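Working notes, structure below.
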Amino acid sequence: MTNAKWFQDVEANNREVKVYEKDNTFHKTKWKKVRVGDLVKVERDEYFPADLLLLSSSYDDGICYVETMNLDGETNLKIKQSLEVTCSLRDECSLQTFKAVIKCEDPNENLYAFIGSLYYSGEQYPLSPQQLLLRDSKLRNTEHIYGVVIFTGHDTKVIQNATEPPSKRSRIEKRMDKITYILFSALVLISSTGSIFFGIETRGDISGAGYRRWYLRPDASTVYFDPRRASLAAFFHFLTGLMLYGSLIPISLYVSIEIVKVLQSLFINQDQDMYYEETDRPARARTSNLNEELGQVDTILSDKTGTLTCNLMEFVKCSIAGTAYSHAVTEVERAIAKRRKDGAPEIGDSSSDLAEQNSDVTGSNPSIRGFNFRDERIMNGRWMREIHSDVIQKFFCVLALCHTVIPAVNKESGELTYEAESPDEACFVIASREIGFEFYERTQISISLRERDPKTGENIDRSYMLLHVLEFSSYRKRMSVIIRDKEGHLLLLCKGADSAMFGRLSEDGRAFEANTKDHISKYDETGLRTLVVAYRDLSEGEYRTWKEEFFKAKTSVTSERNALMDLVADKIEKNLFLLGATAVEDKLQKGVPECINKLAEAGIKIWVLTGDKLETAVNIGRLYRYACSLLRKGMIQIVITLDSPDIIALEKQGEKDAITKASCENVEKQINEGKSQLNSAKKHSVASALVIDGKSLTFALMGNLENLFWELAIDCASVICCRSSPKQKALVTRLVKLRTGKTTLAIGDGANDVGMLQEAHIGVGISGVEGMQAVMASDFSIAQFRFLERLLLVHGHWCYRRIAMMICYFFYKNITFGFTLFMFEASASFSGRPAYNDWFISFYNVFFTSLPVIALGVFDQDVSARLCLKYPLLHQEGVQNILFRWRCIIGWMLNGVICSIIIFFFTTSSILIQAFRGDGHVAGSEELGVAMYTCVVWTVNCQMALSINYFTWIQHIFIWGSIIFWYIFLVIYGFLPPKVSTTAYKVLVEACAPTPLYWLATLAVVISALLPYFIYNAFRTRFFPMYHNIIQTMRLQSSETQNPVGFFARVQDKIRYMKERLRKKNHERR
């Protein structure tokens, strides 16, 4: 456990909450002392100290508003409601006589389920998640609540869900570790080689009765040079070599990289072009470990709702009694019209006209959030003139009554707003209000509307008794309420997915089925989200029987309770009368098509993983095709689904083994058929797209089918997985990550995307409508999908290039320095004597070469941000790892070896063979060491100057300042007493500086050492340019001439060749 986490736990455990004590009053108690069974009072804006059963609140009907952002990331408030039998416990006096027993499930991690019963006054009352208040959620818009502690500490659901986030490291860091191992092996090899030669030389110092190197006094030597114990001396020399050549191991590189990555993260955080002013949210690098990984992304796996779309639903169209209403134009229709330049297509009926988009339809208010519906036939009460006015009335009554929305009135403005758990429900209630069915009040037992009387045309208030709410679930795909009107009629109102609704219609209720299906199909084609609306009358006898059965299922304290409740709900949700269908638009975020198009140009593949149904996912893909070719016209669509009559019939029978076997066989058959379609499409050079639903995906990711599925998916130009569960999203992400072996990026905005964000190499969270859960689990966060373009193509490219160059350069400068030491030792009979002063060696990586490499990692730009976006192909440098492949790494290492050889031999040749000082004295080891060290400092810093593409004043200060600081240090250190400065005592002032040979040798050696790299780089840039070299040349071309000739013409040909090569490569992979 980290210190930060420990401090957070201590802080949470020491928070205080009011607990009801034996003296019948509330006393403040620390969270860590709260026990199961305690009665607590939580006040506004306080966190819940444990998992609580809601008894009552400051509202008469026992409701309260809860913010669960710390649990699921959702920012919209959740409505919780106590049991009616306990909502009267509203003060300390009433709590004195309250005695009850709670039986519930064992502690578990499921945030959205709770099974239990309350036994009070001899009666049993079923409990549901509606009465459960979870620890770490916060009370909002409610003065206080009273609750009973059910789970504490590690038994609470939030702690049960706590998991350690996965540790992620970039590919460059992993490769850097391998290089470090190689260098360590080289260190051991060099030290071993030196010690072997040293042992041989030392053993040979005694030759018979004489001494070969008598001047070393082998007869009086220490153990380190004793020829009689040469093996032991060689071992000690080996240890000396490990310390002497320790600079080969780039320990300071890890520190430098961490500094650079933190600074890079600050630049990402401060980028104004990724700041979203509407929500005041900038981009955030939540980790600095993966900056360079952004520049290597090969595949993006994206959620749809809230990520590619706004998740702000608008009621756009509807079909009622077989008639399509609304003239509003969707983004798909607008895109088609823009392409064809001949207006929008007909959707529903001939009255749909693109020109109506900007017309001022009487009674419509385009500025209303969530409502973009235009049709004069039913606005302002004109629906009463329609033939099927009774059906229209029932249709909007269902929308106004069948929900869990809570109305809220602003005390200052008097404005009515709605607190909804989903944007869909809010837009349905708003649409009903705008048509004339205003939902304005809700209690535990009633719902009130202000609606227009068809007979008198007057607005009247009407209350409905709310008997049951059958909540939506992914299994049921529908929601129902059972109500009783003032006349005593029992009604079941239902809305749900078409796949779950049409099979439940009665024979008499199918009058509008054909037209409604046709309209739904057309709505789906324009990317709209559709729901079917229906109702039925209930008899008293049927309802009474069903109620008893439902109560038994609801009060069962077993793990099967939800399944039993769904089964009982199925029995009454039948024989429905079809009223119509709704069509809601979740618009694409601004700039999404352009962003996807740019990413596709960069060679990045995009998979869409969505929870939407197959038709909606496909049609959103069609929307993309008009801008970014996700699903292009003429593209063969391979659809894999288990919504076939045979499978559905088996599911009704409930035989799990038979269903599994048949489903596997069906999916395998469809995959093989898809591969045949794919092969046929390849022969005709036609691209293919794969669309697979969640049920099929479950089996496609099992056993042998996984290989077949991958072979099909990787050859498709686009892949869309719909109806995907959070677990399936994570599994698909893992499949792509492991099979491609390249960098994957997952992007999402909701709690259901957390799994794939953590599974991918890089997780990007969007701080959108669905809360902050995805952001909290992400590595990077942005406010809009379109900012991903700049994050990858600009910051990703820069960070990749900077880190790659920085590491390569670091190895180069350390090898250059280390090998001069080795060659000097070799020339000194492997004596272990260092060429440089100890402080020279210590300060090399700290003061004389560290700052320029940090400046390279933070500021260098091979091309500007504008050109990065203009030429997205540049991203392929990172995907193909051009700057950090082994060939490039070895090339830099070889450059270091060459430089060290030139520095050593040229320096020794120019200094040692002649008089060094003006008085005729030759150079000693001190002067040679300073001259050679000077050449190393100049060479590696000038090499940095040659490698940098973008000079700033900071780079100039760091590069030339490091060289100047070497001379300043040498002067100051040389003036210290000889016992301190040792070999450096006044060596510059008295020995080197006055000698012209020292300066001329430095100049000649540095130029000679840099010349090989300069020649190689010039040759490669001219005849084998990299992507960034080509773009740099094009930039020069545009500034010099508009008519490319000679070299510039060849550059243009090279660009065309690379684009064609990338296109062919992607086509082959697909």
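Just so you know, glycine gets a Cβ as well, placed from its N, Cα and C.
TrEMBL entries are annotated by machine, without manual review.
Annotated features, as they stand in TrEMBL:
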ACT_SITE  Asp303  active site, 4-aspartylphosphate intermediate
BINDING   Asp303, Lys304, Thr305, Glu425, Phe472, Lys495, Arg529, Thr610, Gly611, Asp612, Arg723, Lys729, Asn752, Asp753  ATP binding site
BINDING   Asp303, Thr305, Asp749, Asp753  Mg(2+) binding site
COMPBIAS  349-366  compositional bias 'Polar residues'
DOMAIN    775-1025  domain 'P-type ATPase C-terminal'
REGION    340-366  region 'Disordered'
TRANSMEM  179-200  transmembrane segment
TRANSMEM  234-257  transmembrane segment
TRANSMEM  803-824  transmembrane segment
TRANSMEM  839-859  transmembrane segment
TRANSMEM  892-916  transmembrane segment
TRANSMEM  928-950  transmembrane segment
TRANSMEM  957-976  transmembrane segment
TRANSMEM  996-1016  transmembrane segment
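Comparison of 839-859, 892-916, 957-976 by number of C-beta pairs under 8 angstroms to the transmembrane segment (928-950) places 892-916 first. If one looks beyond the transmembrane segment (803-824) by at least 6 residues along the same chain, the residues whose Cβ comes under 8 Å of a Cβ in the stretch are 172, 176, 179, 183, 190, 194, 244-245, 247-250, 253, 256-257, 260-261, 291-292, 833-836, 841, 844-845, 849, 853, 856-857, 860, 883-884, 888-889, 892-893, 895-897, 899-901, 903-905, 932, 936, 939-940, 943-944, 947. Long-range contacts of the transmembrane segment (892-916) within the same chain: residues 808-809, 811-820, 823-824, 827, 922-923, 927-928, 931-932, 935-936, 939-940, 943, 991, 995, 997-998, 1000-1001, 1004-1005, 1008-1010, 1012-1013, each at least 6 residues beyond the stretch ends and with a Cβ under 8 Å from a Cβ of the stretch. For Asn752 (ATP binding site), the same-chain residues lying six or more positions away in sequence with a CB closer than 8 A to its CB are Asp303, Gly611, Ser725, Pro726, Lys729. Residues 247, 250, 252, 256-257, 259-260, 263-264, 267, 802-803, 805-806, 809-810, 813-814, 817, 821, 929, 933, 936-937, 940-941, 944, 947-948, 950, 952, 954-955, 958-959, 961-963, 965-966, 969, 973, 984 of the same chain lie 6+ residues outside the transmembrane segment (839-859) yet bring a C-beta within less than 8 angstroms of a C-beta in it.
Within the chain carrying the transmembrane segment (179-200), a Cβ under 8 angstroms from the stretch's Cβ atoms is held by residues 230-231, 233-235, 237-238, 241-242, 244-246, 248-250, 807, 811, 814, 822, 825-826, 829-832, 889, all 6 or more beyond its ends. Recorded residues Phe472 (ATP binding site) and Asp753 (Mg(2+) binding site) have their alpha carbons 20 Å apart, per Cα-Cα distance. Tertiary neighbourhood of the transmembrane segment (957-976): same-chain residues 839, 843, 847-849, 851-852, 854-855, 930, 933-934, 937-938, 941, 944-945, 984-989, selected by CB-CB distance under 8 Å and a gap of 6+ residues from either end. For Arg529 (ATP binding site), other Cβ atoms within 10 Å of its Cβ number 23.
Sorted by the number of other CB atoms within 10 A, the recorded positions Asp303, Asp753 start with Asp303, the lowest.
If you take the Cα of Asp753 (Mg(2+) binding site) and the Cα of Arg529 (ATP binding site), they are about 20 angstrom apart, rounded to a whole number. Using a 10 Å radius centred on the Cβ of Phe472 (ATP binding site) and all shown protein chains, the other Cβ atoms total 20. Mean predicted confidence for the domain 'P-type ATPase C-terminal' (775-1025): the pLDDT average there is 90.
Across the structure, Arg529 (ATP binding site) and Asp749 (Mg(2+) binding site) are spaced 19 Å apart at their Cα atoms. Note on Arg723 (ATP binding site): other Cβ atoms within 10 Å of its Cβ, all shown chains, come to 21. Rounded to the nearest whole angstrom, the C-alpha distance between Asp749 (Mg(2+) binding site) and Arg723 (ATP binding site) is 16. Comparing the binding-site residues Gly611, Asp749 by how many other C-beta atoms lie within 10 angstroms of each C-beta, the top residue is Asp749.
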